[in-house]
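> First the structure, then my questions, so here it is.
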Amino acid sequence: MRQRSKVSAQSNPPPSCIRGESSSNIENVVLVAKRSNYVILALFVLVVYGTWYVYQHQFLNLPRPLGAKEVGKRGFSEHETIEHVKALTQLGPHPVGSDALDHALQYVLQAIETIKETTHWEVDVEVDLFHAKSGVNLMVGGLFKGKTLVYSDLNHIGLRISPKYAPEATENAILVSSHIDTVFSTEGAGDCSSCVAVMLELARGVSQWAHGFKSSVIFLFNTGEEEGLNGAHSFITQHPWSDTVRVAIDLEAMGVGGKSGIFQAGPQPWAIETFASAAKFPSGQIVAQDIFKSGAIKSATDFQVYQELAGLSGLDFAYADNTAVYHTKNDKLKLLTPGSLQHLGENMLAFLLKAGTSTDLPKGKATNSRGKSGQDTAIYFDILGTYMVVFRQRAASMIYNSVILQSLLIWTTSLFMGGYSAMVSLALSSLSLMLMWICAIGFSVLVAFVLPLVSSSPIPFISSPWLVVGLFGAPAVLGAFTGQHVGYLILLKYLTKTISRRNVNLPFAVQDDLAKLDAERWLYKAGLMQWLVLLIVGNFYKIGSSYLALAWLVFPAFAYGFLEATLSPARLPKPLKTVTLLIGLSVPFLLSSGIIIHLVATLIGSAVRLERSPGSNPEWLGNVILALFIAAMACLTLVYLLSYIHISGAKVPLIITTCLLFGISLAVVQLGVVPPFTEDTARAVNVVHVVDMTGANGRKQEPASHISLFSTTPGNLVKEVEHIGEGFTCGTDKPLDFVTFSVKYGCWSDKNANIGWHESDIPLIRVENDTKDDNRVTHVSIDTKVSTRWTLGINADEVEDFQLKDGPEELVPIGDKSNADGWHIIQFSGGKNAPRKFSMILFWADNHTHKSHKEDSNTEQPLLKLRTDVDRITSPTETVLEKLPQWCSLFGKSTSPLTLAFLSSLPVDF
């Protein structure tokens, strides 16, 4: 786009002067409101290439794995660490209560004994095989709402390394924690054998450095994390070392390999500031922390226990590559990316060396009992994985407030000087923003609804994430451009009328070009207004990732103000320079493009386990979530670039390119060129042998057993059942209540379902005593028989409070109980010697006249509902598992049943 005039640039005549000029001078004013197609093409190529470059360096660029000889005694070796991972994964799945977990504990103990033999002579190494007695987790935040987690007979390993001649160091400890146990469905190479292996190698290295430390380092290898953070809870509440901990570091995984980044830090900023100054390859984003703490990700880590229960500050790390394999058979060593362990190990070793020699460890509790903090928290993010920026929230608020006030002042001044036409132009440019969002979301969400109709799977992009670019990215960009262009045309029409009234003597062609140039500038400034609003909202709610809104506002505004802006409404609009866009967007894209791709990849992987209660959500829900996110990112990040296209000839090529990209991607999906799932990126399913003792209205019935097949991945199971055979029927006719969740769509088979279990395995719920008066109290006994992993639902509409005992020992005390959806859930897990017989006292609500009874008796809820899990593969279950397609994998979590489950209940009117 060029503006050519025979009048010098310093003497561009204002419209008022043009109106009074002679016709010969007017004819000298020539405007060309056009931009080269090649400029637009170059800008898009630069954005795409630059975005991928940032993502690659920020998340994919891993250090070279090092051998033991290269690092010596004091360094970190991935080659040595991977041997630990191999040993642990060869044990297969090792959940709580399994023989494999006992073998894993023994392996860790043997590895620690080897470390003790080679430790520095001025360093003390203490080992404690800690047996946790029964305990109860009464936290109520996040996933714990409406739940009580009870545990028993857990074993952990504590390793404390401290300087031998500085006994005071043991009173100030840095805790490094992870869990040895896995879910039943995976060998756990990523989650979290890799973390345990890294800790063992770190312990070896620290044992050669600790003679110069001012504090000790405790490595906690806990069990029970996968059942509800029980290992961390038992350590904090039962182990004497816990009182000496000043900083807690948790190592986790929600994928397999890649960079282990910080996704939670604080509340005190000391740990993240120390890490930022010490780490060789810092990786961490407060964006991830904001998302995690918002509850958008339904998960929790041991760090929540350390923060909320112990009041500690620290860091929470997680591997997050290939999240689709989380808790499935594919969390295996083969998929662990080389360099992943070296990355985490070198960062952690550098941090521990710096923190261990520091005398400034945080003292006292950082949070109150509800996890709230009065600390000046830290905002942090890394740049290309090579440098980490950390600054305090208080400083951020000062910067944000300053920028907001200056922006509002500039806008107010500009609108005051521009008058009525400026205000209307702002309103119409804001309309273009609204249309951009509406069309971008509309186009991409429409695809989300269409995909389940044309594909064998509602989410056909899991094994080929690149399909998302064409399926959702192209429609989002096309929609954003279409909406903005419609707004541009409306704005252009208004500006053309305004300019023609003010400059009646100008040729019509010049008036049209003036309007086009002015409209382009208003669209650019609308982008500034968009980010200003987001900054104001983020600053008000103290959202850590508001620094991104600051970058997307300040740098484009600076480039515009430095190269383009004038406060005088009498000046002719100048064409926006390409360099304005390059300068304005370079830093924002550097800070955010890698994060956006990483978040999209995480969303894609998470779609595998989207359905917490199979069949309860529409098939298109996962697609809609992904479409909304991609459309939002397109509108936020491309608003400035798209404003450059409207006066160029690139409109048609853009439309053709996006349509072609979408068409090819849709054809690939519809024709089945690439499968939705593969052996290494599998669909999450559960195969459970169910023995059901619950009848209508929760009443006891004769045992009815069947093999149940259901999936947390959206979509029907027709293809899978055809592959398996075994007489399965699929549909919504046989819903199952597993206490912690329900299966509304699934498949079932009665074939040979009566073998593999015994009536003596069926749990018992017996009413021992019932006092029916104004304060009704009922005594109930529960015998879980062979199960040490069970879930009990208590009807909160009928029962106001309760107490749970193991013989004389009180497990769950009387007190206020939270509930979710009218139920309070007790989840119990323990080792082989955990108790199996319990007593309960139920305190009925004052108006307990069958509040859960409905007019339709078939909808009456029971008083108690119990599920007991047994880690036993029965003969019919084994047959189904052998025939399970290679693109499917068992999926485990704390709330899901094992391969054999017994369901029983106690009706309200027992």
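Glycine residues also receive a Cβ, built from the backbone N, Cα and C atoms like all the rest.
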> Looking at the candidate ranges 466-492, 547-573, report the one that TrEMBL labels transmembrane segment.
466-492
> Given 1-20, 701-720, 801-820, 861-880, which one carries TrEMBL's region 'Disordered' label?
1-20
> Summarise the model's confidence over the domain 'Peptidase M28' (164-351) as a mean pLDDT value.
96
> Name the range, of those listed as 38-55, 435-454, 579-608, 654-673, that has the largest tally of Cβ pairs under 8 Å with the transmembrane segment (466-492).
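It is 435-454, which has the most Cβ pairs under 8 Å.
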> Could you give the residue numbers and ranges of same-chain residues that sit at least 6 residues beyond the transmembrane segment (38-55) on either side and whose C-beta is under 8 angstroms from one of its C-beta atoms?
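That would be 384, 578, 581, 585, 589-590, 593-594, 596-598, 641, 644-645, 648, 650, 653-654.
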> Six or more residues out from either end of the transmembrane segment (654-673), which same-chain residues have a Cβ under 8 Å from its Cβ atoms?
40, 447, 451, 454-456, 460-461, 467, 469-471, 473-475, 477-478, 481, 645
> For the transmembrane segment (435-454), what are the same-chain contacts with Cβ under 8 Å, counting residues 6+ beyond its ends?
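Beyond its ends, the transmembrane segment (435-454) has Cβ neighbours at 460, 471-472, 475-484, 486-487, 619-620, 623-624, 626-628, 630-632, 634-635, 639, 642, 662, 666, 669-670, 715.
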